[in-house]
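Engineer: Reproduced below are the annotations present in Swiss-Prot:
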type	residues	note
TRANSIT	1-17	transit peptide
BINDING	88, 272, 274, 302, 305, 343, 345, 346	L-glutamine binding site
DOMAIN	225-412	domain 'Glutamine amidotransferase type-1'
ACT_SITE	301	active site, nucleophile
ACT_SITE	385	active site
ACT_SITE	387	active site
């Protein structure tokens with residue numbers, strides 16, 4: 001069971017707070033997931049068709065259904081469970097560059113840690129629409145595994161194809177850019193059927209992965225209170241906060257956080273899928289928040305882009321995005337390079353930042369922006385994922401810095 005905050009009001013140090021909205025939920029409330037047949041469509045003929053591109057034939061090992069979405073690739077050698085449950089991959093067709101996938105199976109989706117957070121998954125369900133691998137491991141072995149990757153995909157309604165040349169697919173996407181694609185199960189398919197190529201980024205994908213109602217996760221003594229704007233939050237972001245002693249209140253992406261921000265020691269903006277320009281209400285809320293709130297604000301991934309948009313800066317769509325656990329990012333202030341975990345198709349155009357903002361991180365592969373900060377206030381964000389899961393832990397310290405700022409702000413309010 002989740003450990004949660006006591007009924008309101010809350011007490012922090014010498015100051016008494018009682019305006020936090022009464023929340024009775026202790027788990028995220030997500031849109032209802034459709035049910036699918038549980039038997040995998042194994043050894044069925046399957047086809048990956050890239051719009052205005054090549055066609056690849058293989059065999060299915062997932063759900064017996066046709067799907068479409070934006071074809072993207074990840075260079076992560078491990079962590080397919082974490083990648084597939086990352087909400088930032090919502091409705092995308094994910095191609096793995098690692099040739100062998102599925103060899104350690106899938107752990108129990110119901111296992112939770114001492115804070116009630118999912119132990120092995122980044123969200124309750126697979127988020128991508130389809131999975132593409134070169135060689136699917138039909139036999140798996142790991143002490144935490146309870147089912148195969150194919151069984152999991154079938155149960156979640158996710159189409160999966162193996163036996164295709166993923167190197168050729170990635171080469172095409174790298175040269176031509178991310179493209180719409182579809183996976184068809186069975187012998188009948190129409191490569192020119194444009195109606196089958198559905199562009200998920202034409203809609204607000206964040207609304208499909210954000211909690212419908214606020215919920216609590218409590219950590220440590222609960223004396224530090226952080227408000228999280230959920231654009232598709234990964235479980236390990238919440239874990240990274242509560243493991244540092246924070247109690248976390250998670251709000252829907254479009255919640256008017258500016259109305260309750262004074263009750264919190266920090267505001268946190270999470271990752272999420274799709275085009276950030278769809279979230280005009282969230283951007284307007286953040287703009288108003290920064291006009292009235294003096295505490296620390298931190299953003300990750302989508303949160304980074306939304307923070308930039310709220311300042312008046314612009315975002316751009318990358319040619320094929322950055323997705324993997326081995327991407328170098330430069331800390332401009334120190335000159336140090338860190339290996340980071342990333343998953344995004346958009347980036348902030350640093351040249352459009354207002355004068356009171358500065359770029360703080362740069363991607364060393366494509367020179368895109370990886371971080372911004374206000375020059376005088378404790379507001380900052382990064383494009384990469386310091387919480388990892390999977391990936392390197394080089395930038396874990398960014399959570400420590402944020403918590404230190406939240407404690408500092410709390411003390412200034414209770415003095």
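Including glycine, each Cβ sits where the backbone N, Cα and C put it.
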Engineer: Just checking, which of 301, 302 (recorded positions) has the fewest C-beta atoms within 10 Å of its C-beta?
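Structural biologist: If we count Cβ atoms within 10 Å for the recorded positions 301, 302, the smallest count is at 301.
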Engineer: Would you mind reading off the Cα separation of residue 301 (active site, nucleophile) from residue 385 (active site), to the nearest angstrom?
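Structural biologist: Distance (Cα to Cα, whole Å): 7 Å.
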Engineer: According to DSSP, does residue 274 (L-glutamine binding site) fall in a helix, a strand, or coil?
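Structural biologist: In the DSSP reduction, residue 274 (L-glutamine binding site) maps to coil.
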Engineer: In angstrom units, rounded to an integer, how far apart are the Cα atoms of residue 274 (L-glutamine binding site) and residue 385 (active site)?
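Structural biologist: The Cα atom of residue 274 (L-glutamine binding site) is 16 Å away from the Cα atom of residue 385 (active site).
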Engineer: Let me check the 10 A CB neighbour count of residue 387 (active site). How many other CB atoms are there?
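Structural biologist: Its Cβ shell of radius 10 Å holds 25 other Cβ atoms.
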Engineer: Give me the CA-CA distance between residue 346 (L-glutamine binding site) and residue 385 (active site), in Å, as a whole number.
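Structural biologist: Residue 346 (L-glutamine binding site) to residue 385 (active site), Cα-Cα distance: 14 Å.
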Engineer: What is the separation, in Å, between the Cα atoms of residue 343 (L-glutamine binding site) and residue 385 (active site)?
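Structural biologist: About 8 Å separates the two Cα atoms.
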Engineer: Same chain, not part of 88, 272, 274, 302, 305, 343, 345, 346: whose C-beta falls within 8 angstroms of the C-beta centre of the L-glutamine site? Give them in sequence order.
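Structural biologist: Apart from 88, 272, 274, 302, 305, 343, 345, 346, the close residues are 271, 273, 275, 276, 301, 344.
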Engineer: Measuring Cα to Cα, how many Å separate residue 305 (L-glutamine binding site) from residue 385 (active site)?
Structural biologist: 13
Engineer: Any idea of the Cα spread of the L-glutamine site, 88, 272, 274, 302, 305, 343, 345, 346, as a max distance in Å?
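Structural biologist: Across 88, 272, 274, 302, 305, 343, 345, 346, the two farthest Cα atoms sit 13 Å apart.
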